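Here's the structure, in structure tokens; my notes come after.
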Amino acid sequence: MPPSHVLVLNSGSSSLKYQLLDMTRGETAADPNPDPDAAPERKATGIVEHIGEPTGPADNTEALETVADELAARGAGLDSPDLAAIAHRVVHGGTRFTRPTLITDEVVAEIENLIPLAPLHNPANLTGVRVARRLRPDLPQVAVFDTAFHSTMPQSAARYAIDRTVADEYGIRRYGFHGTSHAYVSRRTARLLGKDPSEVNVIVLHLGNGASASAVRGGVCVDTSMGLTPLEGLVMGTRSGDLDPAVIFHLTRVAGLSPDEVDILLNKRSGLLGLCGDNDMREIGRRIAEGDEAAHLAFDVYTHRLRKYVGAYCAVLGRVDAVAFTAGVGENSAAVRGAALDGLEPLGIEIDAVRNAVRGSAERLVSTDTSRVAVAVVPTDEEREIAQQAYSLVRP
Ligand code: AMP
């Protein structure tokens, strides 16, 4: 048997998440190519936290060694002959990387050049890449970029209306993030409707602690809500999403905040947290039930913004076949789904209150039978998508 395992690494500044997936899909001589979308088998999954803190591993090298030990204990260490590739999640691919890419020294250098666009994420991702390459220099290693799925956006959606020379010199444009999730969920939604992704137009709402919307036409992204960085767009756990850029000038000139202080305010102390002191939608739900007004307002601002984006992307797509909810809030909060789509019947979107209220982890439809636009709940699986993209590059 040729090697069929892919180790997916998501290397952050203080944590290292991993999953080992077996990409063989019951291939036999008679049927060498079964369902290309069939779920791979998850062999191992885990997270090493508190990297660089007193309670955790000293650095990323030690963290990956911990992962290697955990995998070895299951008989699937880094030296396993079954391992076909290591796949690395990399947040920012700029305009250079638009598909999964085999990692070479040159690719590492180019990801490094993109650090100014993602100063928190790319360095941590790169550390994971470096350590993994040191441990298994002979093994194909693949970078899968969060921005890649959005690289198909037309200029009309990707460009900001600012001075062209400045924009081009500094790479200022809409890149978009959560790309592997939007790719995966839009495709699964098409399958849920019994259609080929190329036939279906989907609005994907990825609502986790970070949140983004995308408009996907026939499997191709045509617009997304996050921009140069993950700050733009929807209201998030701790990020403001859209605001008048002049708020920043005002805060620096009138309130005397430094650029770094504004950065922290908008990225870490805004969104749901800024509005009501909580960033967890479960807690906000509890507080609303107790009549808490700040929590209620936070919920209303959050769902109003969502509704605006759904309307906007209906206009962008023209014909919409489905709205798909995913990630922590999207998969679990019936209240958010209901409020976000409330009043959109004129757009052909009718959510079914009973179906919407049913909890579950399966892919499912929560629209009425008469709804012109299907409303779907599709649990995301970024690791599976990353592994699939990486495997498609290295499979024998
Ligand atoms: P994620 O980033 O996809 O892991 O999503 C995390 C967020 O999902 C948390 O901050 C919560 O706000 C939200 N969440 C998780 N479970 C639930 C739930 N049962 N109901 C409402 N929100 C939830």
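Each Cβ is built from the backbone N, Cα and C atoms, and glycine gets one as well.
Remember, TrEMBL labels are computer predictions, not curated facts.
So that you can see what the record holds, here are the features copied from TrEMBL:
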- ASP146: active site, proton donor/acceptor (ACT_SITE)
- ASN10, GLU382: Mg(2+) binding site (BINDING)
- LYS17, HIS206, LEU207, GLY208, ASN209, GLY210, ASP280, MET281, ARG282, GLY328, VAL329, GLY330, GLU331, ASN332: ATP binding site (BINDING)
- ARG89: substrate binding site (BINDING)
- HIS178: site 'Transition state stabilizer' (SITE)
- ARG239: site 'Transition state stabilizer' (SITE)
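ASP146 (active site, proton donor/acceptor) sits 11 Å from ASN10 (Mg(2+) binding site), taking the C-alpha atoms as the reference points. When other Cβ atoms within 10 Å of the Cβ of the residue listed as 'active site, proton donor/acceptor' are tallied across all protein chains shown, the result is 26. Ligand 1 lies within reach of ASN209, ASP280, ARG282, VAL329 from the recorded positions LEU207, ASN209, ARG239, ASP280, ARG282, VAL329, judged by a C-beta closer than 6 angstroms to any of its atoms.
Using a 10 Å Cα-Cα cut-off from ARG89 (substrate binding site), the recorded positions that qualify among LEU207, ASN209, ARG239, ASP280, ARG282, GLU382 are GLU382. All protein chains shown were included, and the count of other CB atoms within 10 Å of the CB of ARG282 (ATP binding site) stands at 12.
Here the Cβ of GLU382 (Mg(2+) binding site) has 23 other Cβ atoms within 10 Å, regardless of which shown protein chain they belong to. Note on ASP280 (ATP binding site): other Cβ atoms within 10 Å of its Cβ, all shown chains, come to 14. For ASN10 (Mg(2+) binding site), applying a Cβ distance below 8 Å and a minimum sequence separation of six or more within one chain yields LEU16, LYS17, TYR18, HIS88, ARG89, GLY128, GLU382, GLU383.
Cα distances from ARG239 (site 'Transition state stabilizer') to the binding-site residues LEU207, ASN209, GLU331 are smallest for ASN209. Annotation for HIS178 (site 'Transition state stabilizer'): spatial neighbours ASP146, HIS206, GLY210, SER212, SER214, MET226, PRO230, criterion Cβ-Cβ under 8 Å with sequence separation of six or more.
DSSP assigns ASP280 (ATP binding site) to coil, not to a helix or a strand.
Annotation for the recorded positions ARG89, ARG239: lowest Cβ count within 10 Å of the residue's own Cβ, ARG89. Cβ neighbours of ASN209 (ATP binding site) (same chain, under 8 Å, six or more residues apart in sequence): MET236, GLY237, THR238, ASN279, GLY328. On its own chain, VAL329 (ATP binding site) has LEU207, GLY208, ALA211, MET281, VAL336 as residues at least 6 apart in sequence with a Cβ closer than 8 Å to its own Cβ. Within 10 Å of the Cβ of LEU207 (ATP binding site) there are 27 other Cβ atoms, across all protein chains.
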